[in-house]
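Asks: Here it is, the structure in full.
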Amino acid sequence: MRFSKLSLAIATTLVTANALAQSVELDSINVIATRDPSRFAYTPEKQSKDSLLSKQATSVAAALEDIPNVDIRGGSRSIAQKPNIRGLSDNRVVQVIDGVRQNFDLAHRGSYFLPMSLIQEIEVIKGPSSSLWGSGALGGVVAMRTPNALDLLKNNDKFGVKIRQGYQTANNLSERDVSVFAANDKFDVLISGFYNNADNLRTGKGNKLNNTAYKQFGGLAKFGWQINDANRVELSHRETRFKQTAPSNNEVENELTNEQITDQIREFHKPNNGSPPKAKPSQEEFYSGVKTRFGSVSYLTDQQIPDQSTVFNYYLTPDNPYLNTHIALYNNKTIEKEQRKVSGVKDQTKLTTRGINLRNSSELSHISFVYGVDYMRDKIRTERGTNNKDAQFRADPYNANSNTTGVYLIAHIPLFGEKLLLSPSVRYDHYDTSSKTVKYKDNHLSPATKLTWIVTNWLDFTAKYNEAFRAPSMQERFVSGSHFGTSILGRNEINKFVANPNLRPETAKNKEITANLHFDSLFKQGDKFKIEATYFRNDVKDFINLKIFNDAKTNTNASASAGAGAGANPNGALLPTKSQYQNITNARLSGIELQAQYQTERLTLFTNYGSTKGKDKDSGEALSNIAASKIGVGVNYALVKDKFTVGATVTHYAAQRRVPKDHSVTYPSYILTDLRATYAPLKGEWKNLRLDFALENLFDRKYQPAFSLMEGTGRNAKISAVYSF
C-alpha cells in the first residue's frame, strides 16, 4: 500500500522498545500535546499503548501515576479520578482528545470519560502551558489519542479484527472491546465498541467501598481518505455512556444529608436532663465544623453521563517548507444527569462545545515557526430540582455561553551550530461569557520561552519560563441561589451565593531548569543510560476559591443565637449567610523531579522521584491537595526475548503532614508493590495473541492517599487477553 508522509509518521510513533517499559520514553516525538510538528519540538512525557496494556489502569490518572509529580486526585472511583500535576488538577489542567479540548468540568464529579480501551497513547506536559492551549493550563496538559486503522494493521494487511477481554479482582471488573479495521491505498476505516461492568471496589484488608459499582459502554468510528500525497481528511465520532449509583459528590465514600447534619445540631443543643454533662467542643468550633459539613452535602443518586465528540480533520503536507497545515472542526457534547434515590429530585448539566483549530508550520533556513488560531464556543444549560424536603435549599439553574479566540506563535531559533536552541512562544486570548442578564469579557497574553544548551553529545541543559492563566468558569461567574440551608430551632438557616463582578483570572508564572544526561554503550555494547533532573517554581496569583462568610448586617456571634434557641435574635445566624467565589490566595508551588533508566537488549532498570511543596505566599500556610512525595524503583526483564517479559515496581509514598491549619487530618506513609508479566510473541503461531497479567498492591496494604476522602484499592489481580487476526 502507498501512504503519505503523514500516515507513515502516525504509524511509526507507535513503535516502542520494550513490551513492559514503565518508564517514560524521553526521546519519542509526537505533536498532540505540543502542537508542534517541527524537528525542534519539545518532547512531552508519554505513555504508549504497550505501557497502557501492561498497566491495565482504569483511569487516565491511574495510568500516569508512575510519572514524577503526577498523581491521582478524586478518590477511588475511577470516573472521578483526575490527574494532579505538580499540585494542580481539575480545571487547572487542560484535557485534550485527538487534538481537541474537552471542557466539561463539574465540581467533585468526573470529566475524563474516555475509556482506557479507546486510548492509543497519552502525552503529558507538566507546568503552565497557556502559550499552547490558552485558559486552564496552569498545571499542564494531558493529551490522549484514539487509534485509527493504520495503528492496528500489521505487515501491510488490508483488513483486521482485534478482540480483548480483561478482568480485575478488586471489583470484578469485566472489560470487553472489539475493533474491526481496514485500509487500502486511499481509504482507511475503524469501528470499535466496548462494554465495562464493575462491582463495589475492595480496599486493603478486605474492606468494601459502597456505591462504587459502575457500567460504561460505547464506541468509536474513524474514517480516513488519503486524497493524494499532500492531502488527507479524517472524520471520527466517539460516543460513551457511564452509569453508576453514588453520592452526588463522587469523591466521598458515603452520602451526607441535610437531615444528618440537622440531627447533629439538635444533639449538640440537647439538654442534659440531669445527666452528667458530656465533653463538647465550643459552639464556635462546632459550627465551624457544621459549615464545612453543609458544604459537603451529598445525596445518593443514580447518575448517567452520555458523552460524545465528532471531529473533522484536514491535513495539507505538500513538499513545501512553508506549508504543513492542519485544520480541525469539532463538536463535543456532555450531559451529566442525576436523580436522588429517595426523593427522585433530578439535576442535569449539559455542555456543548463547538470549535475550529487552524495550525501551520514553516521551516526557514535558520528558523522554524508554528502558528495558529483557535476558536471555541461553550454553551451550558443546567436544571436543578427542588422540593420542600431534601431539596429545599438549592442553587439556581443557570444558562450561559462562552466564546474564546486564541492566536499563538511558536518559534525555534538554533544558534552556534544548533548547540543552543532558543524557543520563544506567545499566545493572545480574547474571551467573553454571558447569561441573559450579565456579560463579561477580557483578554490575556501568555508568553513563554525555552533555552536548550547541548553541552556535549551526552549532556544538555534546558531552562524554561512559562506563563498561564485560567479565566473564571461559567459556574464561578453565574451560580446563584442557595448554597446550603436547613430548618432548625424554629427558623430557616440559609446560605446564599453572591455574584462577584470583580473576579479576576488566575495567573501562573513558572520557572524551571532541567539537566539531561544520556549515554549509549556505557557498560556494554548497545546499552542505554538516561538520567534527568528538574527543579521548578510556579507562582500562582489570584487563586479562585469559594469563600463562605457572614455579611456585615448579620450578627456573627453564633453562640448567642444558638443559646437563645427558637427565640433567637432574628438578625443572628447559626450558619454563615453568604458564599462567593473570590480571588483569595497567592500560592507558590515548587519541587523536584528525578528520573533514571538503564536499558539493555533484555533488561530495563528504572527509578523516579517527585516532590511538590505548596504554600500560601502571604501567610506561609501549606496548601491543600498537594500529593505526598514519592519514589519508585522497578525492573523489567525479557525472560524470553520478543516473547515473555516480567517486571516489578515498588513505590514509597512519604507521609504528608504539610496540610492547612483548618485541615485536621494528616496522612501516614505507605509502600505499594506491583508485579506484572506480558506474553506477546512477535513471531510464530501465537504472534496474534497478547496476554498481560498484573498484581497490584501485592501485600494488600491499607492506605489513604493524601487529601483523598477514601481508602485506596486493595490487592488487585488483573488479566487481559488480546487476540488479533
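Using N, Cα and C of the backbone, Cβ positions are placed for all residues, glycine too.
Worth saying up front: this structure is predicted, and the values here are computed from it rather than measured.
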Asks: Which range, 24-41, 96-113, 528-545, 708-725, does Swiss-Prot list as motif 'TonB C-terminal box'?
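Replies: Matching range for motif 'TonB C-terminal box': 708-725.
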Asks: Residue list, the motif 'TonB C-terminal box' (708-725) vs rest of chain: Cβ under 8 Å, 6 or more residues beyond ends.
Replies: 53, 56, 72-76, 152, 154, 160-170, 175, 201-207, 209, 251-253, 688-702
Asks: Taking only the residues in the domain 'TBDR beta-barrel' (158-725), give me the average pLDDT of this model.
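Replies: Looking only at the domain 'TBDR beta-barrel' (158-725), pLDDT averages out to 92.
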